[in-house]
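Visitor: One structure, as structure tokens, below. Some questions next.
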Amino acid sequence: MCQKRAIFKPMTDEERQALKLKCGGSWKLVLRFLKAGEVCTRREKSQAIAGPGHSIAVTVKGAVYTFGANNLGQLGLGTTEEEPRPQPIRSLQGIRIIQACAGVARTMLISDAGQVYAFGKDSFGEAENGAVGTKHVTTPQLVESLKDIFVVQAAIGNFFSAVLSREGRVYTFSWGDECKLGHQTEATDIEPRPLLGALANIPVVQIAAGYCYLLALACEPSGMSVYSVGCGLGGKLGHGTRTDEKYPRLIEQFRTLHLQPMVVAAGAWHAAVVGRDGRVCTWGWGRYGCLGHGNEDCESVPKVVEALSHAKAVHVATGDYTTFVVSDDGDVYSFGCGESSSLGHNAVDAQGNRQANVLSPELVTSLKHQVSEPIVQISLTNSIYWNAHTFALTESGKLYAFGAGDKGQLGTRLPANQPEQCKPVRVDVDLS
């Protein structure tokens, strides 16, 4: 059964035995590790990424379409002109992409051969509004420093980027001040550094990058667990404190809750997890109600979102003070900052006033009315410097968008006096 998994097939016997040892010594544990990674990252399935001002869509066959802001070549089309409609990256013809991620003016793509392609802002980590790293790349370029690592996932934070290897090891670039990620590097450093400490010998199946911290979903013989590292302001590392963590530290609260984490999501300032039993936990900054607990309080350890007890969640997505949850029947719930239309609710009332923030999960009825099939993935902008937009992907590969569209990031050109789209619109791209 392991040999049927795409990332396992090309491994040598020596690599397979090393993975078996790292997973706990049995092929059953190896299979659990492989399947867990497929579930939480939509590996080799269609996917959509709502980046800061620009968007990425990947088809089942691995073709890539990009659209939106392109001031530094982050669309990979060989130009720096905005694109209001999905355009294929023709230079990737013959290369199958299995995963994508987006940061401010930067894009990273992972191929089925484990290679990483990057374009846009030529830096692996710097403040989004900083002056460092003015170089840019307008077409996908192979990241040479990763050519000897078989990569299966990438994540882009504000000060750093991270990649996950086929064997479950995490590597990070830059933001290496010793009190942050346990190594000393510069913002423009292009050498991957292994994330040491507790995760040195524990296989990781998913990584998620927030503004200044990283979450790792690990597959241990005793079950699934979550580790966090980086900046602890607001309690977003989940350890009951607001202190930074130099090395990855186990979030112990999930054992107290008897919850097996299956999917992790790192928003700019808050985080979320979906458990095997369908419960959702959130923690970190609670501003605008983004934790879904009916208030704006911070939570320094994971707390179950009781308002979702009637639904069994299978997917969660987090952004800048916003959260989306997808249930097993394809319904979508959202909560958090109500200042934009990215939550999918009516952003403006009949008098033209902005709606209040959504402090508890609400069903996104606009999706339910407009989309006739289950939603399987939600992606929303995770940046404090950009107006947010949201994607909803259906089982058959239909893509719907709403929220900010001033740069063409919705895949359609809005009227000059309409900077955002309140109701979901179909994006003219087939991801099946």
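A Cβ is built for glycine as well, from the same backbone N, Cα and C atoms used for every other residue.
It should be emphasised that the depicted structure is a prediction, and the values quoted were computed from it without experimental measurement.
Pasting the relevant annotations from TrEMBL:
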DOMAIN    46-379  domain 'RCC1-like'
REPEAT    62-113  repeat 'RCC1'
REPEAT    114-167  repeat 'RCC1'
REPEAT    168-220  repeat 'RCC1'
REPEAT    224-277  repeat 'RCC1'
REPEAT    278-329  repeat 'RCC1'
REPEAT    330-396  repeat 'RCC1'
REPEAT    397-432  repeat 'RCC1'
Visitor: So, do the repeat 'RCC1' (397-432) and the repeat 'RCC1' (62-113) meet, by the test of 3 or more Cβ pairs under 8 Å (sequence gap 6 or more)?
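Guide: In this chain the repeat 'RCC1' (397-432) contacts the repeat 'RCC1' (62-113) - 3 or more Cβ pairs sit under 8 Å.
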Visitor: Tell me the residue counts in helix, strand and coil for the repeat 'RCC1' (62-113), as DSSP assigns them.
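Guide: Going through the repeat 'RCC1' (62-113) residue by residue, I get 3 helix, 24 strand, 25 coil.
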Visitor: Where DSSP helix means H, G or I and strand means E or B, what are the helix, strand and coil counts for the repeat 'RCC1' (224-277)?
Guide: 7 helix, 25 strand, 22 coil
